[in-house]
Amino acid sequence: MSTAKKEYKRVTVKSLVEMKSNGEKISMLTAYDYSMAKIVDAAQVDVILVGDSASNVMAGHETTLPITLDQMIYHASSVIRAVERALVVVDLPFGSYQSDPKEALRSAIRIMKESGAHAVKVEGGLEIKDSVKRILAAGIPVMGHLGLTPQSIYKFGTYTVRAKEEEEAQKLLEDAAMLEKLGCFGIVLEKIPAELTKKVSEKLTIPTIGIGGGKHADGQVLVVHDLLGMTHEFNPRFLRRYMNLYEEMGSAISNYVKDVKSMDFPNDEEQY
Ligand code: KIV
C-alpha cells in the first residue's frame, strides 16, 4: 500500500480525487467554530465538514433535524474565517433541499455566497437526484452521503448499521454510482458493513469517506468532539477517542473554581 503524500497548499475537490488515485487516504473532521477550525486546519486535516451534527454537539438537540439554514451559514462562516488549507464542505440542513430542486439550489447558493464555503453535502440517493443535478449545474461541488443518513432517523427508527440486507446494499451501490455519474466529488458512507464499503470504493473513481464504514473507504471522517472525548456518553464501536477532554476540561475548570474560592487566583503576578 502506498503511503506517498503529495503536499497540498490548498485542498480542492480535484485534490481529493487525485489522492484516491494515488492511494493516499483522505482525512476529514467536523468543525463548527473559528477556534476549533484553526486547530483542525493547522493539523493538516484535508476536509473540514461543517456538519449538521452541530445540531447535536453545539446546540444539544437529540437529532440533526432542527438546525436551520441560517444557523449552518453562521457556523460555516466562522469556520471559513479560520481555514487556510482544508476544503470546507457544509451540510445542507434537513428541509432545505428535499422538497424541490429550485429550493435546493437557493439553499446551496446561500451557503456558498454567505459563508464562502467550498462545497455542500446532501443525504440520500435517487430521491434527491433532481436537487443534486440542479446544484451541480450551478457549478457548486456536491458531496453525497449514503448508509445511515441521520436526517432520516425517524424513517429508520434507530442508529444501527444500515444496508446489511442484500436489497438495501444493492440500492446503496446504485445510488453511489448515480451520484458519481451526476458529478458528485465524493460520498460519505455512514455505518455500513466494511465489505459493502469495499465494493463501493472499488466501483467508484470518486473517493468514499467512511464513518463506521470500515478500513476500505478512501478516507475517514469523525465528529471532532467525539475524537477529542468531549462527548463522553457517545460510544459507538467505530469511534476511536484520542483524548478524554471531558475529564481533562472538567478537572481544569474545577481547579479554577477551587482557586477562585480559596483566593489563590489571581495572585500578585496576575494583576495590574
Ligand atoms: O453532520 C455530520 O457530522 C456528518 C458526519 C457524521 C459525516 O454528516
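Cβ from N, Cα, C; glycine included.
Nobody curates TrEMBL annotations by hand; they come from automatic prediction.
Per TrEMBL, active site, proton acceptor is recorded for GLU190. Long-range C-beta contacts of GLU190 (active site, proton acceptor), restricted to its own chain and to partners at least six residues apart, with a cutoff below 8 Å, comprise HIS145, LEU146, GLY147, LEU148, THR149, PRO150, ARG162, GLY210, ILE211, GLY212, GLY213.
Feature annotation from TrEMBL assigns Mg(2+) binding site to ASP52, ASP91, GLU123. Cβ neighbour count for ASP52 (Mg(2+) binding site) (all protein chains, 10 Å cutoff from its Cβ): 29.
Annotation source TrEMBL lists 3-methyl-2-oxobutanoate binding site at ASP52, SER53, ASP91, LYS121. The secondary structure of LYS121 (3-methyl-2-oxobutanoate binding site), as reduced to three states from DSSP, is extended strand. Long-range neighbours of LYS121 (3-methyl-2-oxobutanoate binding site) (same chain, six or more residues apart, CB within less than 8 Å of its CB): LEU49, GLY51, VAL89, VAL90, ASP91, LEU92, VAL142, MET143, GLY144, HIS145, VAL188.
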Restricting the binding-site residues SER53, ASP91, GLU123 to those with Cβ under 6 angstroms from ligand 1 leaves SER53, ASP91
Rounding to whole Å, the Cα atoms of SER53 (3-methyl-2-oxobutanoate binding site) and GLU123 (Mg(2+) binding site) are apart by 13
Around the Cβ of GLU123 (Mg(2+) binding site), other Cβ atoms found within 10 Å total 24
Per DSSP (helix/strand/coil reduction), SER53 (3-methyl-2-oxobutanoate binding site) sits in coil
